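Asker: According to Swiss-Prot, the record shows the following:
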- TYR26: active site, proton acceptor (ACT_SITE)
- HIS123: active site, proton donor (ACT_SITE)
- ASN97, HIS103, ASP110, VAL124, SER125, ARG134: substrate binding site (BINDING)
- ARG21: site 'Transition state stabilizer' (SITE)
Amino acid sequence: MASRHHILLINGPNLNLLGTREPQIYGSTTLHDIEQAAQTQASSLDLRLTTFQSNHEGAIIDRIHQAAGFFPSPSGPATIAEADPGAGEKVSAIIINPGAYTHTSVGIRDALLGTGIPFVEVHVSNVHAREAFRHHSYLSDKAVAVICGLGPYGYSAALEFVGRHMKF
């Protein structure tokens, strides 16, 4: 049997607060709920899913590098590999909700482009219906797809797209 494609789901800053942070915008579903549903769905699509969340830009960049088999320098933190058993295992695609780093992080953009791993950008809220500073994304012009405003279902839509429509 062929090995399943490995997908990495990355969530950025403040997404660990889903379910309690501004529920009128983000809803009441927790990140844990989203990750559990994503694991179930990934299994049904014969995908292997690893999840990762960090409030720190450098940790997200390191995790993207690890997804391509690159590791941080020995002087850098080793905590990601210890906390994430999938770290360092090459992945076929990344689904990323970069949170506020969407609008600020050239570093995350460069990490995604530098690894060459195709990625889907996801946002729980419709960023285009919010404050003007949220309208610009440093990632969307390079993403295979962008999903926003669907609430937690956006993650499901991203996994469905990756599992059924992406060519690896």
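Glycine too: its Cβ is placed from the backbone N, Cα and C atoms.
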Asker: I'd like the number of other C-beta atoms within 10 A of the C-beta of SER125 (substrate binding site), please.
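Answerer: Counting Cβ neighbours of SER125 (substrate binding site) within 10 Å gives 17.
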Asker: At the level of the C-alpha atoms, what whole-angstrom distance separates ARG134 (substrate binding site) and the residue listed as 'active site, proton donor'?
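Answerer: ARG134 (substrate binding site) and the residue listed as 'active site, proton donor' have their Cα atoms 11 Å apart.
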Asker: Just checking a number: largest C-alpha distance across ASN97, HIS103, ASP110, VAL124, SER125, ARG134 for the substrate site, rounded to a whole Å.
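Answerer: That value is 24 Å for the farthest Cα pair.
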Asker: Checking your reading of the structure: which of the recorded positions ARG21, TYR26, HIS123 lie inside a 10 Å Cα sphere centred on ASN97 (substrate binding site)?
Answerer: HIS123
Asker: Of the recorded positions ARG21, TYR26, HIS103, ASP110, which sits closest to the residue listed as 'active site, proton donor' by Cα distance?
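Answerer: Out of the listed candidates, the nearest Cα belongs to TYR26.
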Asker: Quick one, of the recorded positions ARG21, HIS103, HIS123, ARG134, which Cβ has the fewest other Cβ within 10 Å?
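Answerer: Comparing Cβ neighbour counts within 10 Å for the recorded positions ARG21, HIS103, HIS123, ARG134 gives ARG21.
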Asker: Do me a favour and check the Cα-Cα span between ARG21 (site 'Transition state stabilizer') and HIS103 (substrate binding site); whole Å is fine.
Answerer: 19
Asker: Near the residue listed as 'active site, proton acceptor', which of the binding-site residues HIS103, VAL124, SER125 can be found within 10 Å, Cα to Cα?
Answerer: VAL124, SER125
